[in-house]
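Below is one structure, written out as structure tokens, with a few remarks after it.
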Amino acid sequence: QISVSLGASLGHVSMGMSVSWANALIGDLRTDNTTLLNAHISLDDWERNMMNNMVFAGSVPGFLVAGWLVAVLGRKGSMVAGATPGMLGWCIVAMATNTKMLIAARCLLGLTNGLLSVAANTYVVEIPETAIRGGTGNLPTAMFCFGILITIILHTRMHWYNIAFLCAGMQLFYILIVAILLPESPSFLAVNNRDEEARKVLTMLRHRYANIELEMSNIKDYNNDKITSDVFSIFGLFRTDIPKKIFIISFLFFVRSFVGFEVFVTNAKAICTVTGSSLESSYIVSAAQLIGCFFSCLLMDRIGRRLALIVSLLGVCLVLFTMGTYIHLHNDIMKSWGKNMENVTFERTNGTTQTYDSISER
């Protein structure tokens with residue numbers, strides 16, 4: 001179960017690399033703007049911002065389409081279809097000769113990010129049994145963080161277009177793994193009345209003492225309204241308690257967005273340059289989140305989702321409050337120090353002037 005979930009999560013490595021890759025591009029162009037095909041690329045400020053943000057903009061249509069796609073093609077087919085634009089996008093990035101090609105390719109990468117975020121996460125949640133579902137559910141996030149960190153490391157040895165070729169190869173490898181080795185989700189098979197296939201998958205995934213028929217019955221009961229109703233109807237979102245669940249999840253993700261991790265990672269090169277910090281700071285931030293994901297995988301099924309969420313949110317609030325307080329006090333100290341330096345400079349200048357006048361009079 002863990003191996004299958006890990007295989008489905010490998011696509012998130014390339015997703016993480018797509019987020020932090022722009023730093024490699026911007027860093028290389030400052031010293032050598034030659035592309036793989038011996039063209040020359042230069043980026044204005046707005047083009048740098050576009051390069052960073054187009055991945056997030058491109059992910060929006062991916063998110064909107066993914067929910068329908070996983071119901072039509074299944075989880076496995078959706079992962080294959082979702083990774084394909086990303087592989088094409090990385091190939092275009094590697095062989096780009098102008099800014100327009102880079103921006104268009106970044107949109108394709110964003111589309112893949114949106115599609116895989118839904119398809120792979122849905123698959124990873126449905127594959128394992130309940131006892132380990134919390135830990136395996138964090139594998140996509142852990143792989144995403146690993147992709148961010150590995151891009152920063154690779155940039156010390158490789159050019160931006162070489163990293164792009166590597167990512168294209170990883171996407172192809174991921175497509176082959178999903179298409180050849182991974183089974184379809186048993187929940188999807190059961191919902192679509194493909195019971196025999198669902199039993200075979202569950203038998204392969206569970207140990208021999210597992211009650212396959214009971215799990216099949218639970219899947220059927222839980223998804224009974226989905227089997228008997230039109231799964232393609234958007235009005236299904238407004239039945240029973242689904243709007244409440246959507247609101248809660250959306251609110252939690254809204255709060256999480258204020259952490260600003262993606263903003264820092266996407267603009268790490270520019271932030272480090274402006275603040276005078278070394279790029280090692282981005283290593284520390286990325287490694288810290290990867291370590292957090294690792295502990296989350298270990299503890300999620302032990303302490304429960306609710307307690308883990310509360311602890312995480314309290315940690316976020318504490319860190320943001322501490323950081324805000326530090327920045328506020330640091331700015332006040334710098335302003336006060338600046339005023340004192342102005343006074344000292346004025347006094348020295350005034351004293352020098354008075355001495356000069358006294359000598360002149362003599």
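The backbone N, Cα and C atoms fix where each Cβ goes, and this holds for glycine too.
Database features (TrEMBL):
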DOMAIN    4-362  domain 'Major facilitator superfamily (MFS) profile'
TRANSMEM  54-73  transmembrane segment
TRANSMEM  80-97  transmembrane segment
TRANSMEM  103-125  transmembrane segment
TRANSMEM  137-154  transmembrane segment
TRANSMEM  160-182  transmembrane segment
TRANSMEM  246-271  transmembrane segment
TRANSMEM  283-300  transmembrane segment
TRANSMEM  307-329  transmembrane segment
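By the Cβ criterion (distance under 8 Å, sequence gap of 6 or more), the transmembrane segment (103-125) is counted as touching the transmembrane segment (54-73), at least 3 such pairs being found. If one looks beyond the transmembrane segment (160-182) by at least 6 residues along the same chain, the residues whose Cβ comes under 8 Å of a Cβ in the stretch are 4, 7-8, 10-11, 13-14, 17-18, 21, 24-25, 28, 35-36, 76, 79-80, 83-84, 86-87, 90-91, 93-96, 112, 123, 151, 154. Here the transmembrane segment (307-329) has long-range neighbours at 134, 252, 255-256, 258-259, 296, 299-300, meaning same-chain residues at least 6 beyond its ends whose C-beta is under 8 angstroms from one of its own.
Computed over the domain 'Major facilitator superfamily (MFS) profile' (4-362), the whole-number mean pLDDT of the model equals 82.
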